[in-house]
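Copied over from TrEMBL, here are the features:
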DOMAIN    A:80-157  domain 'Acyl-CoA dehydrogenase/oxidase N-terminal'
DOMAIN    A:162-272  domain 'Acyl-CoA oxidase/dehydrogenase middle'
DOMAIN    A:282-445  domain 'Acyl-CoA dehydrogenase/oxidase C-terminal'
DOMAIN    A:463-586  domain 'Acetyl-CoA dehydrogenase-like C-terminal'
There are 2 protein chains.
Amino acid sequence: MPHYKAPVEDMMFLLRDVFRVEDVFAELPEQQENDLETIGNILEEAGKFCSEILYPLNAVGDIEGCRLENGVVRTPQGFAEAWKAFSDAGWGGLSAPTDYGGQNLPRTVQILVDEMLSASNLSFGLFPGLTRGACEAIEAHASQNLKDTYLPNMISGVWTGAMALTEGNAGSDLGLLKTTAVPRSDGSWTVTGSKIFISSGDHDMAENVIHLVLARLPDAPAGTKGISLFLCPKVLVNADGSLGAQNAISVGALEHKMGIHAQPTCVMNYDGCQGWMVGEPNRGLAAMFTMMNAERLFVGVQGLGVADASGQTALAYARERLQGRADDRSGVVPIIAHADVRRMLLSMQSFIEAARAMAVYTALEMDREKFHPDDAVRQRAGENVALLTPVIKAALTDFGFEAAVAGQQVLGGHGYIREWGQEQYVRDARIAMIYEGTNGIQAQDLVIRKLSLADGQPVRAYFAQIHQTLASAAMDSYAAALAEPLRAALDLLEGVTARLVSGDLASADDRNAAAVDYLRLFALVSFGWMWLRMVLACAAPGKTLPEPRVRHKRAAATFFMQRVLPQAAALTQQIGAGAGSIMALPDEMF
Amino acid sequence: MPHYKAPVEDMMFLLRDVFRVEDVFAELPEQQENDLETIGNILEEAGKFCSEILYPLNAVGDIEGCRLENGVVRTPQGFAEAWKAFSDAGWGGLSAPTDYGGQNLPRTVQILVDEMLSASNLSFGLFPGLTRGACEAIEAHASQNLKDTYLPNMISGVWTGAMALTEGNAGSDLGLLKTTAVPRSDGSWTVTGSKIFISSGDHDMAENVIHLVLARLPDAPAGTKGISLFLCPKVLVNADGSLGAQNAISVGALEHKMGIHAQPTCVMNYDGCQGWMVGEPNRGLAAMFTMMNAERLFVGVQGLGVADASGQTALAYARERLQGRADDRSGVVPIIAHADVRRMLLSMQSFIEAARAMAVYTALEMDREKFHPDDAVRQRAGENVALLTPVIKAALTDFGFEAAVAGQQVLGGHGYIREWGQEQYVRDARIAMIYEGTNGIQAQDLVIRKLSLADGQPVRAYFAQIHQTLASAAMDSYAAALAEPLRAALDLLEGVTARLVSGDLASADDRNAAAVDYLRLFALVSFGWMWLRMVLACAAPGKTLPEPRVRHKRAAATFFMQRVLPQAAALTQQIGAGAGSIMALPDEMF
C-alpha cells in the first residue's frame, strides 16, 4: 500500500503555466539554455531515482537506524550503495557551479528535486542537502585554495559536508558558544570544543566528512560578533589532494531521536583538530547565514515532501478501504465516499500544492538574485527571498506536520502501525519544525527583522504582487469567486503588519507574542495567492494541464478559501490581543 | 529534568470550589459518606504511586517494549511488579462495586486517578482501564454465574480484561465483522475468528486474561444488528474457581506501533475457543456500548494526562534553560522570559486545566446517572453524558496531542531526543485520537446522533447551563471581562447547531463535512465555560486556592478567551461553507 510517485505533472504545471519559468530564465545569462523539455526529463529521472532507489530504503532505514561501532558511524544497509548511485548520476552537483564539476542548474529545479528526496527518504536527503549547504558557504567565503581542495570532491559526492553550530548551552542563542580556535604557525587553527545535534556528522558512505565549525578566537568579543567559521576535515588532505592522517575529530555519541533514524545526528568532539578559517575573523555567523536562506528553503520543502508522501498513501488507502455506507440504500463503500475523509484529503492537498507553488516562486526569486544581470533586480529579488525564507521554513514544516498527522488519521488504526508507513512520516516531519532555527525563531525573524528590512519595501512589494493578481482575477469566473475571501484576508494581513511595524503592536513583547500567529497568517494569505495564480493559469490560453487536474485545482482552491482561509480572521484577532495576558503572570506562577 | 507530579491542588480546587462535589454526593445515597479530606488523601496516594512507581517505568517501557516469546507476551521489566503493587493497593477496584470487592468510589474520583495513570504511564494505564471496561460490561449484562466467576478476580487484579472488537476488514464499521460463534450442548459457544488491535490482549502480569469478543451467531442478520458478545477466558476456569486448561486462544502477532510500546497490542486468534454469551443474542454491540461512555471518557483523559506530563517538563525546562536576552540591557535569561515561550506554555495550560474541569464535570454527571435516587435526574444526567462523551473523547485527545507537540517545541532540539521524554508523549498521545472510535467517528456521533438525542433537549439544556453561568458573571470583575467573548462564541455555536439539526446544513453530506469542525467549536465553548466557572470559583467566599494559583487561573482564562477562543468564528465560517466544495470532485480526480 505505501508508495511514492513524484508529482512531475503538477510540478511542470507550475513551471510552465503558473510561473512561465522559460521567460524568466531567458533573462538570466547563465540559464538561458534551460528548456522545459530538458527540465521535465530531469524531474522524471529524479523522480524515478527517488521512487526506485531511495523510497525502498526509507522504512528499512527507520527500523535499522545508524549505529556507532568503535567510534565510526554505520549507516543502514543499502545507504552507501544508494549514495554511490546518487553521486555517480551527478545528482549532488545539480545546482553546483560548473567550475567545480556541478551542472549549474537553477534553484527552481533543485528545489523540486529536494522535495522528491525529502518525500522518498528524509534521512537520506539530508546528506546531499547539508553537503550542498557546506559547499555554498565554502564557495562564497573560503580562500581559492580551500575551494580548489574541497569543492570538487564534495560536489561529486566523494566527500560529504556537515555544519557544526549548536552546543549544549548554545542553541537558538549561538552567541553563547564556547568552542575555541587558536592559531597555528602555518596559518591554520587548532579547534577545540564539543558540538551537539550534528546531522551527517559521521558515516561510512564516503571517504571524508568536511565539517564547518563555529568557534571563538582567543581575543574574540562576547556574543554573536565574536564567532568565526572553520573548515575541519575528518581526514586531513595532503597537498596533492590525497587523504592523509585522521584529524582529531571524534563522534561522542549518536543521538536517540524520535525519527530520521537513518540520519546520523552526532555529538561531535573537536579535540584540538586542525582547521582552516572560512571568511573573516569574527564574521563566521555572517558567513553561515549567506547560505541559510537556501538551507531554510530546503528544510521547508522537507515538510512539503513528507506531507505529499503521506498524502499519496492516504489517498490510495481511502480509495481501497471499504468501510461504512454513504446512505441507507448503498452497500459498503470506499471511505473516500465519506465527506469527512474527503475533507482530510483536501486539507492535505490544498496545502501541498500551494506550498509547492510557494517553494517554486521563492526558488525562482533566488535564481533572479543569483543570475540576473541587473543589480536592482538582484537586490529586490534577494530582499524578497529574505522576507519569505522564514515563512517557507516555518509554514511548510508546521502545515506539513499537520498534513502528515491528517494522513495518518485517514488510515485509522493502520496509521499507527509501522508497516503502513504513515507514522514514520509524522515522526520524521516533526524535526523540520525544530532544526535550522525553530519555527518560533523563524517567526521572530519575520516579525522583528524582515518586516522592517529596507524600510519595509520588500513586504510592501510582496503585498503589491498579491493585489496585482487579485486585480486580474475577474478575467476567469473560477478565479473571481476566489478573489473575495483572499482580498479580505490580505486586508487583515496588511492591517496587522502596519500595527506590528510601527503601530500599537510594535513593542518587543507584542511582536514576540504575535510572531507565530503572524507567520501563520502570512502563510495562509500566501497560499491563497498561489491558489489564485494556479486557477488563473488553468484558464490561460495554451495551458497544458489535463482537464481532470484542472478540475482538481479548482476544487482544492475553493476548499482552501472556504475551509482553511477563515482562520485568517481568528489569527488577526489573536495577534490584536497583544502580549498583555501573556506577560502579566510572574514566571513562578505558571 | 523530565518529571511528573500529580496536580492534586488543582484537582481539589475543582472538586471543592468549582463543582462543590460534597453537595452533589450528599444527594447520592451510596456516596454520601465521601468527604473531601478522604478524597484528597486518595488523590495524594494515587499521585505518589504514579510518580514513584509508574512514571519511572514509562521511558524504560518505551525502549524495551513488549516481546512475543513462544506465543506468550513478555511485558517490559518492572511492569509485572508494578501491576502487583497496583493491585495489592486496591487501585483496580476504586470505582468497582463492593459486592465483588471494589470500593464503589465515585467516577469523579476515578477519572482523576485515570488522569494520573495516563500522565505517568499511558501503556500501563491501559491495563486497568480495559479491565474496568470489561468488568462494567460483565456487570451490566452477564449472568450472575459469570459475574461471580470473573468479577472478583478481575477487580482485584488477579486477572485482567481485554475487548476484542476490530477485525482486519471491520474497524469503524463493526457491522462487517466475521468472527463466528456456534452453540455447544452445554450452553457455551465455540468462537472462531481473528481480531486485530487488541490492547492488553496477552501479557505475563496476571494469571488470566478475560476477552470480551464480538462475534456472529450462525443465523445472525447482516450488519450491526447481528453481533453478539462473548466472554472467552485465556485459561478456562473450573467450577471451583481454580484455573483449568488453556482455552484455544493464541496471539498471532504483536503490532509494531508508533508509541505505547509497553502496551501489548495484539493480533488475537480465537481458534474455536470456548466462550459464554454476555447479554442477549444479536445485542452484543448494545452491550459493548453501555460501557463505551466510560471508556471514551477514559481515553479523553489520556490526552489530558499526557498533555499535563509534557507541560510539566516544558515548564521546568523553560525555567532552567538559559538562552537569549529579554532586551539589550539584560544578560542571558531563562527562556520563560520570552513572550513566545510563555505563549506556548499558556496554550498548554489553558487547555489542560479546562479539559480537566470538563472531565470532572462529565464524571460527576456519570455519578448522578448511576447513583441519584430520582429517575428524572438520572435520565437527564445520562443524556448529558451521552452528549458530551464524543466531545470529551475527541477534543481532549486532539487538543492534548497539540499540547504535547507544543511541549516538545518548548525544548527545541532536546524535544526531539528520546532521553528528554517529550517525544514519547507525542508518540503515545497520538493513539488516543484513533482508538476507541476515531475522532472523526466521534464527531459524526456528536452531530448525527447526539444533537438529535431526545429531540435535542440535552443539547439545549447544556447550552442553558452555560447561559446560566454567563448570567452570574457580572458578580466578579474578572469573570465579567471573560463573559463577553464566551457569549459571542456560544451564540455562534447555538446558531450553527440549529442549522445542522434542522436548517440549511442538515443534509447528510453537510453534517458529515461539518462534524470535526463542529466538535472543535463545541469543545472551545465548553472550555471557555469551564474557565468562566473556575474564575467565578476563585471569587467565591471560602475558596481555598492559594493566591498565586488564583492569579494563574485568571491569567490562563484571559489567555484562553483572547488567544484561543477566536478560532470559534473561523470554525463557524468553515462549517457554514457546507459540503459543496468537498463533494463536487469525483473520487478519481483527487
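First residue shown is number 1, and so on along the chain.
Cβ coordinates are placed from backbone N, Cα and C, and glycine is handled just like the others.
Remember, it's a predicted structure, so these values are computed and weren't measured experimentally.
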Please compute the mean pLDDT of the model over the domain 'Acyl-CoA dehydrogenase/oxidase N-terminal' (A:80-157). 98
Summed over the domain 'Acyl-CoA dehydrogenase/oxidase N-terminal' (A:80-157), the DSSP helix, strand and coil counts are 62 helix, 0 strand, 16 coil
Residue counts for the domain 'Acetyl-CoA dehydrogenase-like C-terminal' (A:463-586) under DSSP, helix then strand then coil, are 101 helix, 0 strand, 23 coil
With DSSP, how much of the domain 'Acyl-CoA oxidase/dehydrogenase middle' (A:162-272) is helix, how much strand and how much coil, in residues? 7 helix, 58 strand, 46 coil
